[in-house]
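According to TrEMBL, the protein has these features:
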- 23-287: domain 'NADH:quinone oxidoreductase/Mrp antiporter transmembrane' (DOMAIN)
- 60-80: transmembrane segment (TRANSMEM)
- 92-115: transmembrane segment (TRANSMEM)
- 151-170: transmembrane segment (TRANSMEM)
- 177-195: transmembrane segment (TRANSMEM)
- 201-221: transmembrane segment (TRANSMEM)
- 233-254: transmembrane segment (TRANSMEM)
- 274-293: transmembrane segment (TRANSMEM)
- 289-341: domain 'NADH dehydrogenase subunit 2 C-terminal' (DOMAIN)
Amino acid sequence: MNPYILSTLLFGLGLGTTITFASSHWLLAWMGLEMNTLAIIPLMAQHHHPRAVEATTKYFLTQATGAAMLLFASTTNAWLTGQWDIQQMSHPLPVTLITLALALKVGLAPLHSWLPEVLQGLDLTTGLILSTWQKLAPFALLLQIQPANSTLLIALGLTSTLVGGWGGLNQTQLRKILAYSSIAHLGWMILIIQFSPSLTLLTLLTYLIMTFSTFLVFKLNNSTSINALATSWAKAPALTSLTPLILLSLGGLPPLTGFMPKWLILQELAKQDLAATATLAALTALLSLYFYLRLSYAMALTMSPNNTAGTTPWRFPTSQNTLPLAISTTATLLLLPLTPAATALLTL
């Protein structure tokens, strides 16, 4: 892609999100979300492959549906209450409609079925943007309309953690596994959003760091399926020994960074007398952990059949910049000791 066009699209992507962040009026927020969608569509369809075009079409249709629903709900709110202000949502009908529209936009279960299909059709770089940056604007709006319908949010959260764990069990394609991982993490964020919005932000931040590392590892190894992971020993031995730790951090095992948000969320749910919800969420995390362990096993404990054991094939040095990967991997593995600092910041 022409670098001028690429920089224009990335600028549009950033501007759309920033407009949504800065808006207090529903029309402006809607406009930011639309700019975001329109800017990423050429990036998704840049490799003129039928699967990429299909993924782009599916993405456009779901985002257009979500945006139309959001506009309808905000207009209904203005009609019922005379308010266009995002933080003045008092009527339950528009609040519920907007929550569902934003759930469709980020891919929360049961409105999730587009996400694995779309991510599967994209290359890893665009998939990374879709899994990280594109979640920010809808989450900014979800945080602002709290307190929303409590039962609806807990139902969305639990369904997402369950579907995210269950859906990834049978997958062999890495991008689909990452899509289901994204659904499960979003479920954890939605579970806690009404009780502790700052904890949702912390979970979102750790999710962004861990997903960034995972996508960069797969991009460096040029792997899109579990079978391709088995050849990574020969390509990058040091990175291959760290990757299972990155995946287990995504699964939420101590003493890795991914344990911090899950631990704090379960603690907060128990404080709110939602012990059953916390137990269910913790059990669904085991489902996700299974497919992260499956990836770790494929990467660390199996050898590719067409490689003689222990020999590194001759190859050109990688042309990819590995500094972002080094920084994000360090953050993915080693931030758990900062939990007291994070909790202190949350209570400010």
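Each Cβ is built from the backbone N, Cα and C atoms, and glycine gets one as well.
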Same-chain residues at least 6 beyond the ends of the transmembrane segment (177-195) whose Cβ lies under 8 Å from its Cβ atoms: 103, 106-109, 112, 115-116, 118-120, 127, 131, 135, 139, 142-143, 146-148, 150, 153-154, 156-165, 167-168, 171, 203-204, 207, 211, 214-215, 250, 261-262, 265, 268-269, 272, 277, 281, 284-285, 288, 291-292, 295
Per-residue pLDDT averaged over the domain 'NADH dehydrogenase subunit 2 C-terminal' (289-341), given as an integer: 80
Chain residues outside the transmembrane segment (151-170) and at least six past its termini with a C-beta under 8 angstroms from it: 96, 99-100, 103, 108-110, 112, 116, 176-177, 180-194, 274, 277, 280-281, 284-288, 290-291
Positions on the same chain near the transmembrane segment (274-293), where near means CB under 8 A and six or more residues out: 154, 157-158, 161-162, 164-166, 168-169, 171, 177, 180-181, 184, 187-188, 191, 247-248, 250-253, 262, 265-266
